[in-house]
Amino acid sequence: MSLLRSASLLLVVVTAALPPCTLGYSLHDGSRLDDVIAEFTAERRPRRLATPAQRRLMGLTEEQHKTVQFYLDKLRELGNRRHPESYNKDSPKNEAYKWRKQMRDDLKTELLNPEKYGRHFEGDIILFPEQAKQIYENALKTGQRRVKRKFIGSDLRRWDPTRPIIYSFDGSHTSREQRIIELALEHRHNITCLNFVRNDNANKGNRIVFTDVDGCASNVGRHPLGEEQLVSLAPECIRLGVIAHEVAHALGFWHEQSRPDRDQFVNVRWENIDKDSKGQFLKEDPDDVDNAGVPYDYGSIMHYRSKAFSRYDDLYTISTFVTDYQKTIGQRDQLSFNDIRLMNKIYCSNVCSRKLPCQRGGYTDPRRCDRCRCPDGFTGQFCEQVMPGYGAVCGGRIQVNSGWTRFSSPGYPREFKEGQECSWLLVAPPGQVVEMQFIGEFEMYCKVRHSLCMDYVEVRNSTDFANTGMRYCCYGTPSTSIRSATTDLVVLFRSFYRGGRGFEARARALPANGQWASWTPWTPCTASCGACGSRMRTRVCPHGACPC
């Protein structure tokens, strides 16, 4: 297939069966050459001249469809029995119900995660009968979904990475929509060892057929009998992030929040989940899971958003234990670094004969074995360099000490421009950590009702910079004081959608074992002889209890 030059920023303007809107997406392919701008106004076309049976079956036989629906109904019943925290209080006569219903209808016009509104398992997963049966039977036994791993376990459903993945279109999409879909496939080609080849004449063997018969939907993994499988992409799904999400399903990936370790990172708010959707939140079985050592990722493109499947769209169904990660989950802009890392571990681990000494959480790039694939914010052969600013002179390595050092978005307090990016690496002296605080006015574009950042300042303060960090956006200065787990802290400024006021922050170095406050004044003496009284001071430690 023809390869597009690596792109850091890709803007797509889509008007198709939705109110006009601008949708921007960023593609980090490891290098910057050009901005690729695909602009189109797709004609308002019919969904797809498909029969009701085609919409209902989605590639299954009538008997297979009945079997899947049987087990999905059982899962709904099981979810309601296990989690009866809520019940349907809606009444058409209730004014609050009418207001909330209108709010829900208004929110649907934005469709940040259109795949959530599907009628399939978890909204967009088309199950085969044996998958539906396995999920239900193991949920019945263990209370969890017994799925082999975040990546599907069966070799029968794994694609052969040494052979091209054949795909075609069935005529549902305009030529411009087809080009957007192919851009998403080309991006995946650039960042993995997988190759996609279009062949509209293929009529046998495994292949992906892009259609528009049932919203955003896909099977999970390769068809085990070597037949075609459908990936449905309706007009509202023609966005790079949503396409990447559905193609990831086709390659064998489940949703992130279904991992067995999810309860260490998020809290499922069962009382806020729609009564027919509780079965969508069951977990994988921890006894039979392998996530290839890749940790839970708040920024995964496979993660539900905060209010997915809620009884009303203003209720949270997923809360992050660390509050500052709340606006990170649910993004549909691009594959996260860990999404790509897991895909390469599953499919491409044997491509390069030598593993490079990559830094900052990077790994040997299976597409270019002489270089490392680096987390956002880093570049260079071994990820040893901070990514330079894009569209502005900004970012870089900052050595901090006990005094405050300030840094800000481009032009602050004037507005930054759409498309500008900055990356900072803040470094404290050995044995110390970095403390960071936001100061001054703060403004970054967000979807307030969805609790989701569109443009953001991301802070990575963990021991692994491959992990997506805490994203800050919207209006009002964040009050959080952030401390790093090591001597280093990464700050990423990303403006994909629009300009704004931006941010200003300050940083300093603190002792790793905590910082003592000043002594308080002596208290008054309690005896006339003097030489008595007391004074005190406190110590604030960045991570847990202070050492004695």
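The first residue you see is number 1, and the count goes up from there.
Cβ from N, Cα, C; glycine included.
Sequence annotations record features per position, and here Swiss-Prot assigns active site to GLU246 based on sequence analysis. In the three-state DSSP assignment, the secondary structure recorded for GLU246 (active site) is helix.
Taken from Swiss-Prot, the feature disulfide bond covers CYS193-CYS348 (among others). According to DSSP, CYS193 (disulfide bond) sits in a coil region rather than a helix or strand. For CYS193 (disulfide bond), the Cβ neighbour count at a 10 Å cut-off comes to 19, with all displayed protein chains included.
Swiss-Prot lists CYS216-CYS237 (among others) with the feature disulfide bond, giving sequence analysis as the kind of evidence. If you draw a 10 Å sphere around the CB of CYS237 (disulfide bond), it holds 27 other CB atoms from the protein chains shown. Taken residue by residue with DSSP, CYS237 (disulfide bond) is part of a helix.
The disulfide bond annotation in Swiss-Prot covers CYS352-CYS372 (among others), and the record cites sequence analysis as its basis. Non-local neighbourhood of CYS372 (disulfide bond): LEU356, CYS358, GLN359, GLY362, TYR363, THR364, ASP365, GLY380, GLN381, PHE382, CYS383, each in the same chain, at least six residues away, with C-beta under 8 Å from its C-beta.
All protein chains considered, the CB of CYS383 (disulfide bond) has 25 other CB atoms within 10 Å. Residues or ranges marked as disulfide bond in Swiss-Prot (evidence: sequence analysis): CYS374-CYS383 (among others).
Under the heading disulfide bond, Swiss-Prot lists CYS394-CYS422 (among others), citing sequence analysis as support. All protein chains considered, the CB of CYS394 (disulfide bond) has 21 other CB atoms within 10 Å.
The disulfide bond annotation in Swiss-Prot covers CYS525-CYS546 (among others) and is backed by sequence analysis.
Look at Swiss-Prot and you will find CYS529-CYS546 (among others) tagged as disulfide bond, backed by sequence analysis.
Annotated disulfide bond per Swiss-Prot: CYS541-CYS546 (among others), in sequence order.
As annotated by Swiss-Prot, domain 'Peptidase M12A' applies to 150-349, with the evidence given as sequence analysis.
What Swiss-Prot records for 513-547 is domain 'TSP type-1', and it gives sequence analysis as the kind of evidence. Taken together, the residues in the domain 'TSP type-1' (513-547) have a mean pLDDT of 60 on the 0 to 100 scale.
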Separation of alpha carbons, GLU246 (active site) and CYS216 (disulfide bond) (Å): 7
Cβ neighbours of CYS348 (disulfide bond) where a neighbour is any other Cβ within 10 Å: 18
Neighbour count (Cβ, 10 Å) for CYS216 (disulfide bond): 28
Spatial neighbour of CYS348 (disulfide bond) that is closest, considering only the recorded positions CYS237, GLU246, CYS374, CYS394, CYS422 and their CA atoms: CYS374
By Cα-Cα distance, the member of disulfide-bonded residues CYS193, CYS394, CYS422 nearest CYS352 (disulfide bond): CYS193
